[in-house]
Amino acid sequence: MMTYDFEYDVIVVGAGHAGCEAALAAARMGCRTLLLTINLDAIALMSCNPSIGGLAKGHLVKEIDALGGEMARNIDATGIQFRILNTRKGPAVRASRAQADKQLYRLRMKRVLENQDNLHLKQGEVTALYCDGSVVRGVDTRSGIRFLGKTVVLTTGTFMRGLIHIGLTHYEGGRAGDLPSIGLSDQLKQLGLQVGRLKTGTPARLDGRTIDFSRLEPQHGDNPPQPFSFSTERITMRQVPCHIAYTNERSHDIIRSGLDRSPLYAGIIEGIGPRYCPSIEDKVVRFPDKDRHQAFIEPEGLDTVEMYPSGMSTSLPIDIQIAFYRSMEGLERVEIMRPAYGIEYDYVDPIQLHTSLETKAITNLYHAGQINGTSGYEEAAGQGIVAGINAALRTRGEEPLILSRSESYIGVMIDDLITLGTKEPYRMFTSRAEYRLLLREDNADQRLREIGYRVGLVSDAEYEGYLRKRDMIQAERERLAATRISMSQAEEEYFTARGLPDLQKGTSYEQLLRRPEITYDDLLSFDTVSRETPSVVREQVEIQIKYQGYIERQLEQIRRSAKLENTPLPTDMDYAAINGLTTEVKEKLTKVRPDTLGQASRIPGVTPAAVSVLSIALKAHAGARKQG
């Protein structure tokens, strides 16, 4: 084994969506960073759907951007259809989604990585960690090179012992066309980490020239398209539509006829699949009364005929795939360019991580992405930027960045993972966040820009832009509170026409906006200053005013829980010796080893009474250490 003659501060293993954000974060913070990947031509490759964002996932992308990450800027530069989802619902659950030109997305991210100072890209398969006792010191590659590093971030995706299934045929692979990673997960087991098995899948890729789009429902994007990044002024890529197709009873009969050759139902696949993204055979079996299922036919790019049938993932044999796709209206002559497949892979139970995403068993080793049991590019990227930041902070000897549940969806996700663990692929939903009215897409920069600037990921220009926006929001709120309607003839006629004749002279614009039937657009009809206010400021101000009571209530809940969240628990706490805790609670606390009292309170089975006992024991523990 040859030892490379350079010691890195941070080594990132894997160049998917988690690895790219981790490597960029560390390098931008001034760390000498190495990004290792099995295939340099597959950096940031969209292995499944060619899209970014969606319900709750869009929130994650906005948060990554606010922290100084790259995903939002990358999709803004390569997106070919943008939509805001849930526009008829409240602001807490509105979400951005964009179709990507799959190849342009990959190529742009690779170019960003290549042009980043302090970042080295190398192709190589990591087969083992190089450890000194319980401290990681570097990585070993199949080509016989040992790279030394102060910290290591593992972002292995679906590659650890990856096994691809198409019907009863199966073969090793990290994804179609790429080799798996063999040996690394076995070593992680030997190091004391609990390794499990999960499964995911992807649909076939269809030849768009063989689809009759005139018989499908077109779905157009928003006009004008709204960017993800707070730094993007406008979208310049050509925009294209998607289309909607449906299965039918004949499709379902074909699928049922192939279940005996489905690895999912033949008992061949051991791993647990994603609950919220089931395969088409799973949908047909679980919902026998449903006479059709929707499929979104999504283009994979502007310069390709490949189409992605979203909602149609499967591991059925290829003859069944061809038959059921061709049973759908508009797809009768469709040709499959790449078959659908399922894939099993190893993951490491995230309950074994600190809030910083550092493993508890191995010092200086961080995990991010699907290795932690999550699904989705956005979930991976959110973990990646946090792991990269914390690996960099470790090399500086600084305290880790901990994002709380009350300030970000990334914080909710990490807390869920390290507190509850997961036995199935985890995906983010707005319902997982108890403070979701505070964690909106539109205010991600107001929540996280300061943090990104403090750690060194947000540029001076971006930070100044954030400060200008923040000050404009505050100034506009003050103006609306101070400006009152005079009930001029124009105002009186407008309010009467809107069915509001009871308005009194002297009512402030702020009081006016609190009414559910009045929007900021109404102010534009008679207030010239409002017409000059930027739309992003108008949006923030209107939400803050209309939901002020609910927002204040959630802020009060956060203040009440702050003491628990800010009380750390010692790593050497002997929970088994604490009198007053049940055996069940002692076992759960010993297994999870929570970082704070707040985290302990969210472990299933740990009651408020147990938290009180734990708080008393913590004070006694602190007193004993002082005397010692």
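Backbone N, Cα and C atoms are what each Cβ position is placed from, and that goes for glycine too.
Copied over from Swiss-Prot:
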- GLY14, ALA15, GLY16, HIS17, ALA18, GLY19, VAL126, SER181, GLN370: FAD binding site (BINDING)
- 273-287: NAD(+) binding site (BINDING)
Using Cα positions only, nearest of the binding-site residues to LYS283 (NAD(+) binding site) (GLY14, GLY16, ALA18, VAL126, GLN370): GLN370
Candidate with the highest Cβ count within 10 Å, taken from the binding-site residues GLY14, GLY16: GLY14
Nearest of the binding-site residues (GLY14, GLY16, ALA18, GLN370) to SER279 (NAD(+) binding site), judged by Cα-Cα distance: GLN370
Fewest other Cβ within 10 angstroms of its own Cβ, chosen from the binding-site residues SER279, GLN370: SER279
Collapsed DSSP category at VAL126 (FAD binding site): strand
Cα proximity to VAL126 (FAD binding site), best match among binding-site residues GLY273, ARG275, CYS277, GLU281, VAL285: GLY273
Rounded distance in angstrom between the Cα atoms of GLY16 (FAD binding site) and CYS277 (NAD(+) binding site): 20
Whole-number Å value for how far GLY273 (NAD(+) binding site) lies from GLY14 (FAD binding site) (Cα to Cα): 22
Binding-site residues compared (ALA18, VAL126, CYS277, VAL285) - highest count of Cβ atoms within 10 Å: ALA18
Shortest C-alpha distance to GLN370 (FAD binding site) - which of the binding-site residues GLY273, ARG275, GLU281, VAL285: GLY273
Fewest other Cβ within 10 angstroms of its own Cβ, chosen from the binding-site residues GLU281, PHE287: PHE287
Integer Cα-Cα distance in angstrom, ALA18 (FAD binding site) to GLY273 (NAD(+) binding site): 20
